[in-house]
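Per TrEMBL, active site, nucleophile is recorded for Cys288. As annotated by TrEMBL, active site applies to His372, Glu374. Sequence annotations record features per position, and here TrEMBL assigns L-glutamine binding site to Ser62, Gly259, Gly261, Leu289, Gln292, Asn330, Gly332, Phe333. Per TrEMBL, the feature domain 'Carbamoyl-phosphate synthase small subunit N-terminal' maps to 18-152. What TrEMBL records for 1-202 is region 'CPSase'.
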Amino acid sequence: MTASEGNPGQDGWTEPRATALLVLADGTVLEGFGLGAIAEAPGEVCFNTAMTGYQEILTDPSYAGQIITFTFPHIGNVGVNDEDTETVNAASSSGVRGVVLHADITEPSNWRASRHLDTWLKARNIVGICGVDTRALTALIRDKGMPNAILAHNPDGVFDVPRLKQQAAALPDMAGLDLVPLVTAAQRYEWSETPWQWPAGYGQRESVAHKVVAIDYGMKRNILRLLAKAGCEITVVPSTTSADDILALKPDGVFLSNGPGDPAATGEYAVPVIKQLLDRRIPTFGICLGHQMLALAIGGQTMKMKQGHHGANHPVQDKTTGKVEIVSMNHGFAVDPATLPANATETHVSLFDGSNCGIALNDRPAFSVQHHPEASPGPQDSHYLFTRFIDMMDAEKAKTAA
Ligand SMILES: NC(=O)CC[C@H](N)C(=O)O
């Protein structure tokens with residue numbers, strides 16, 4: 001059912017009846033028209049300000065347990081294709097649970113499109129709603145923080161609102177939730193694909209200079225492609241892989257991936273492993289959840305943000321160079337810079353709200369950033385942060401050789 005088709009009201013065809021409801025934990029009910037899967041999806045509602053890249057956003061495993069409200073009103077115009085999916089397991093539907101749109105989805109208009117977004121949402125079991133005043137919902141999130149909610153879609157327009165309200169109010173807080181097990185790889189695998197280039201599409205790594213183990217907390221393909229392009233032979237390992245098993249692969253460096261949920265809730269398996277790798281002076285690079293867990297591993301703390309950062313136009317300053325970058329962001333937790341130990345330096349900061357966006361260790365070869373360089377505007381196949389990681393591995397190799 002789409003908004004343009006509508007549904008008859010109880011007294012005839014005068015009023016289109018709501019076929020989807022977004023029921024917030026505080027009892028607020030937003031009505032609209034259902035899209036995607038016919039189901040009920042619980043999640044934390046965030047807003048994303050990106051004007052493009054919805055397929056990559058909707059397939060970012062970091063969004064597990066969340067419902068995304070797009071502030072850009074027209075989503076779906078270019079359809080979806082078979083190439084821009086970020087989840088490594090293309091069939092995986094364990095990421096985002098729901099999507100809130102202002103306008104109904106139009107017919108796809110793009111030469112790369114292979115499907116309508118609505119059909120694709122159904123196939124991935126993602127519930128959607130359109131016809132929502134997304135500006136008002138965004139304002140609500142900015143005022144009150146990201147609420148829990150249930151997004152319900154029923155083409156018949158019949159909803160048990162009191163039950164939905166009760167269930168929404170009873171949902172657990174995102175703080176304290178470890179969602180990595182939902183999205184991490186079941187088995188280790190090798191990666192050699194490089195970024196997309198006109199006209200050939202995705203390529204294959206040509207030469208190998210470094211061996212990297214990437215720990216999968218919710219890995220995205222384009223990060224792996226940039227590592228491959230930089231000359232890394234990559235083995236991706238599940239999130240619970242021990243430090244001994246990682247060291248047995250003799251890595252020149254370790255990459256800590258992005259991922260969903262509360263970084264502090266991954267304590268038992270992730271942080272102790274990262275600590276051991278740091279003690280062995282393995283060069284380490286972390287992005288987003290990986291950044292937050294590197295901070296935890298050195299004794300820092302993370303905290304829940306009120307509205308989080310989700311979008312493609314966030315200004316971040318690299319304090320080591322003074323340069324300001326416009327970056328992609330997707331996080332609801334942040335490292336508290338006041339808790340960083342003396343052997344760590346804050347390297348990046350958000351110019352939007354001053355929150356921490358990067359750290360480097362002074363006594364060991366390790367650094368990490370909160371934002372997503374592989375998804376940020378600019379020359380993505382040669383991003384300087386990936387070069388920094390390569391340089392770090394080179395420097396450490398030179399040191400051990402000397
Ligand atoms: N993209 C990510 O890796 C997100 C990290 C973490 N789940 C957060 O929300 O802050």
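If you go along the chain as it appears here, the first residue is 1 and each next one adds 1.
Glycine is treated like the rest: Cβ placed from N, Cα and C.
Unlike curated entries, TrEMBL annotations are predicted automatically.
For ligand 1, the recorded positions lying close by, meaning a CB under 6 A from one of its atoms, are Gly261; the full candidate list was Gly261, His372, Glu374. For the domain 'Carbamoyl-phosphate synthase small subunit N-terminal' (18-152), DSSP puts the residue distribution at 26 helix, 42 strand, 67 coil.
For Gln292 (L-glutamine binding site), the Cβ neighbour count at a 10 Å cut-off comes to 32, with all displayed protein chains included. Largest Cα-to-Cα span within the L-glutamine-binding set Ser62, Gly259, Gly261, Leu289, Gln292, Asn330, Gly332, Phe333: 13 Å.
Geometry remark: His372 (active site) versus Gly261 (L-glutamine binding site), CA distance 16 Å.
The Cβ centroid of Ser62, Gly259, Gly261, Leu289, Gln292, Asn330, Gly332, Phe333 marks the L-glutamine site; residues of that chain outside this set whose Cβ lies within 8 Å of it are Gly218, Asn258, Pro260, Asp262, Pro263, Cys288, His331, given in sequence order. For the recorded site, Cys288 (active site, nucleophile), the DSSP three-state label reads coil. The Cβ of Phe333 (L-glutamine binding site) has 21 neighbouring Cβ atoms from other residues within 10 Å, across all protein chains displayed. Other Cβ atoms within 10 Å of the Cβ of Glu374 (active site), summed over all protein chains shown, number 24.
A sphere of 10 angstroms centred on the C-beta of Ser62 (L-glutamine binding site) encloses 29 other C-beta atoms. In sequence order, Ser62, Val180, Tyr217, Gly218, Leu256, Ser257, Asn258, Gly259, Pro260, Gly261, Pro263, Thr266, His331 make up the list of same-chain residues 6 or more apart from Leu289 (L-glutamine binding site) whose Cβ falls under 8 Å from its Cβ. Here the candidates are the recorded positions Cys288, Gln292, Gly332, Phe333, and by Cα distance the one nearest Glu374 (active site) turns out to be Cys288. Taking Cβ-Cβ distances under 8 Å and a sequence separation of 6 or more, the neighbours of Gly332 (L-glutamine binding site) in its chain are Glu44, Cys46, Gln66, Met146, Met174, Lys304, Met305, Gly308.
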